[in-house]
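For reference, TrEMBL has these:
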type: DOMAIN; residues: 5-84; note: domain 'GST N-terminal'
type: DOMAIN; residues: 90-223; note: domain 'GST C-terminal'
Amino acid sequence: MEKQNKVLLLGIWASPYTKRVELALKLKGVSYEYVEEDMFNKSPLVFKYNPIHQRLPILVHNGNPIVESLVIIEYIDETWKNGPPILPADPYKKSQLRFWATFIHQSQLFETMVKVLKSDGEEQEKDINKMLETIKVLEEGVKDIFPDDNNVGYLDFVICSVFSFHVAMEEVLGIKMVDSEKTPLLHSWVTKLNQLALVKETMAPNHILVEVLKVVRQKALKAASAT
């Protein structure tokens, strides 16, 4: 009997954590069913498969749930060997990619970007400074591991998922996040990634992101003014 190979992904379309998992699945050529969740009204499946944190995304492979996006990506790489490798075989190179992916996650860079979008005045200025400082540290830190080939993998997925909407953010806010002069490495990296067919078919188009970000900002500022 052929072994069952059913893959289910629970996620949110606008979440960078969901997008990085989708990128990994598509790179490996894995067929999967996608279920869009409502962040504010999660389905029973979320509580069933991730009862501890109730966070998304969740990958369910043959009934077994895997949670946390970075953990999921490594699981995909180790489970589906027939596609391109996501992490290198070299232990040191692998450790460096893991370190900087964890840095982006633990520094809450994406969450800070969202705060910048939703805030104004002194509060926004504080969030902008924190965001730019984190980006500066990242720019300096990844110089030695900047991809010098056409392979796409682990850290690319994390970078792409967090920075892919920077153009839309800059258009809505008028704030430069990734600059060709101040952050040339990240600018070049993100630009290269956004041109890949894999990324174009996975990430939302810029014009849609602009409209969504405008609505999010307007709602946040309106709610803040009402308090």
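The backbone N, Cα and C atoms fix where each Cβ goes, glycine too.
Note that TrEMBL annotation is computational and uncurated.
Across the domain 'GST C-terminal' (90-223), DSSP helix (H, G, I), strand (E, B) and coil residues number 101 helix, 0 strand, 33 coil. When pLDDT is averaged over the domain 'GST N-terminal' (5-84), the result is 97.
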